[in-house]
C-alpha cells in the first residue's frame, strides 16, 4: 500500500510578509491521517484555523489567499503549497503569526528545505489521489486551463508576456512530475514583477516586503537582479510552481495532465472548483504497489536537493 505522509517533527522559520513587509514566523507540524493541510493564525486570540479547501480560496489578486466565513485570511500560500505538493505531504498543521505566509526568497526552495529538515514519515492510511476521468476546462478571454486524463501527472504550460527579456526565454514547458524533477527544475524559480507595477503597489501599501532578495525584478527591457536568473526559463517555471500550489487545494495529488495558457491564481482555482463539483469527471483512488503508482514521489528518508 502507498501511505499518506506528514512531517516527522515540528520545524520553524522566519521571514517577511510580501505585502506587509513585517516579520512572520511559520511553523510546520505533524498532523493525523486524513486531516489534510490546516493553517492556523496564532496571532489571533483565540487562534483561528482554516482548512486548505478550494472553496475557501476567496482572493486571487497577486497571490492565493484562504479566507474563512468570518473574513479572516491567510495569504500567499501558493509557494508553500507547491513544496507540500512536490514532496507529497498529505497532512500537516501550518501555524503562522500573521495574515500571510512569509515570502522567503520568492520560490518554493526554502520550504522544500524546511520540510526535508523536518523529515517526512509515512502514516498508517492509504494515500489518496484524484484521478481525472474526463476533461475539465475553464476559460477567461484568451486564457485557459484544463485537466484531462493521463497516467501520471504532466504539466503542459505556456505563458505569453510582451517583454523582450521574457520573450527571449522559453515560454512553453512540458514536464512529467516527480519529486526530483520538481525540486531540481521547478522549486527554485522565483516570482517575478515589473518595476512599474511595484511602484504602484507600494503607493497602495502593497508589496512592502518585495525586493530583489525575493523576486526577479524587470524594468521595460531587462532583469535588474545583479545575479540574473536561476533558470534560463525561470518565468514559465515559476508559473508552473504557482500552479502546483494552487492545484493542491484540491486536497490530494492529481493523476492527470494539467494544460494551461496564460493562467494565474484565479483561473487555477476556478479549474479546481469546476473539477470538484463535476463528480463524474474524477475519482479518489489509492494504490497497493509502488509499481502501480503513476506519480513519483521521493522515498521518505531520502533527500532531493535542488
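From the backbone N, Cα and C atoms, a Cβ is placed for every residue, glycine too.
The Zn(2+) binding site annotation in Swiss-Prot covers 79, 238, 242 and rests on sequence analysis. Residues near residue 79 (Zn(2+) binding site) in space but far in sequence (CB under 8 A, at least 6 apart, same chain), listed by position: 101, 103, 104, 106, 107, 108, 111, 191, 241, 242, 245.
In this structure, residue 265 (active site, proton donor) is part of a helix by DSSP. Residues annotated as active site, proton donor in Swiss-Prot, with sequence analysis given as evidence: 265.
Excluding the listed site residues 79, 238, 242, the same chain places 78, 82, 106, 107, 108, 189, 190, 191, 239, 240, 241, 244, 245 with Cβ atoms within 8 Å of the centre of the Zn(2+) site Cβ atoms. Reduced to three states, the DSSP call for residue 79 (Zn(2+) binding site) is helix. Taking only the Cα positions, the spacing between residue 265 (active site, proton donor) and residue 238 (Zn(2+) binding site) is 12 angstrom. In the structure shown, the C-beta of 238 has more C-beta neighbours within 10 angstroms than that of any other entry among the recorded positions 238, 265.
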